[in-house]
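In what follows, a single structure is set out as structure tokens and then discussed.
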């Protein structure tokens, strides 16, 4: 099914025309919904600290999580105490839940588990971002909130909107769901503060981001530094349960890894030992960092993951920090109208 969807959204499959009436209906619904917030008919809750929303206007992964991690580290380096909120995709969370270090993906979602494992940032997940934001402030006293994937969650007031675009796939066929991958029309990009192009090249007004691979590490938690080595010249099986698995596989090939088999899974895929053991067939198994947090409890010795770090320009850092300081100085907890 996902293969057919990709053909419709990114390869010009003619089925998109049959779905176009549904896309028109979706466009009306999204426009009316946003208008209700802009007109004040539906309420938007402002936070007493600056809120940075990191999202996209397309379905699927675009590089939001590496961007969130980059922002966490950038803000810490400049004296801020950031915290993160998220929906916790694929997890049924009643109310809100604090993401503790070591929390499983089954409890809080794969991306929250990965973000906290990497950064130890204060983080709260919940279906209602406003409740999660209030809990984050009350429990941790953060001075900046980063909302991971909440661009269309207009009930939460925001001060800075940052959209991440997949530089390879772009906006696909440019159509709204279900005929295309768009959650909102391309016009929405004109209203955000920052557009980050993952993989570039960046268009005018955008900031290019590259994902730089780090060292390969074992998925199995009890294998400590210095007790392992990875030979990238050996044949291996690569797997990825992310929005665009092909990007991960292409990156591995470019780095010289010998891929005997590439297996893409749906984003947020749940795994079990039998599925992956049968896939690997005794060959080393190399996966993404997001996949690794879901496999630690049953990982074998020859299962590995490759983390990536986002790289952005000093100009991006300067402009975002300047905007954030401006917001922080003026913040009085009053309503911030949606733009």
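Every residue gets a Cβ built from N, Cα and C, even glycine.
For 58, 59, 60, 61, 62, 63, 64, 65, the entry in Swiss-Prot reads ATP binding site, with the evidence type sequence analysis. In this view, residue 63 (ATP binding site) is surrounded by 27 other Cβ atoms within 10 Å of its Cβ, with every protein chain counted.
Fewest Cβ neighbours within 10 Å among the binding-site residues 59, 62, 65: that distinction goes to 59. The Cβ centroid of 58, 59, 60, 61, 62, 63, 64, 65 marks the ATP site; residues of that chain outside this set whose Cβ lies within 8 Å of it are 56, 164, 166, 243, 244, given in sequence order. Shown are the binding-site residues 60, 61; of these, the residue with the fewest other Cβ atoms within 10 Å is 60. Counting Cβ atoms from all protein chains shown, residue 64 (ATP binding site) has 22 others lying within 10 Å of its own Cβ. In sequence order, 165, 166, 169, 171, 172, 181, 182, 183 constitute the residues six or more apart from residue 58 (ATP binding site) in its chain with CB-CB distances below 8 Å.
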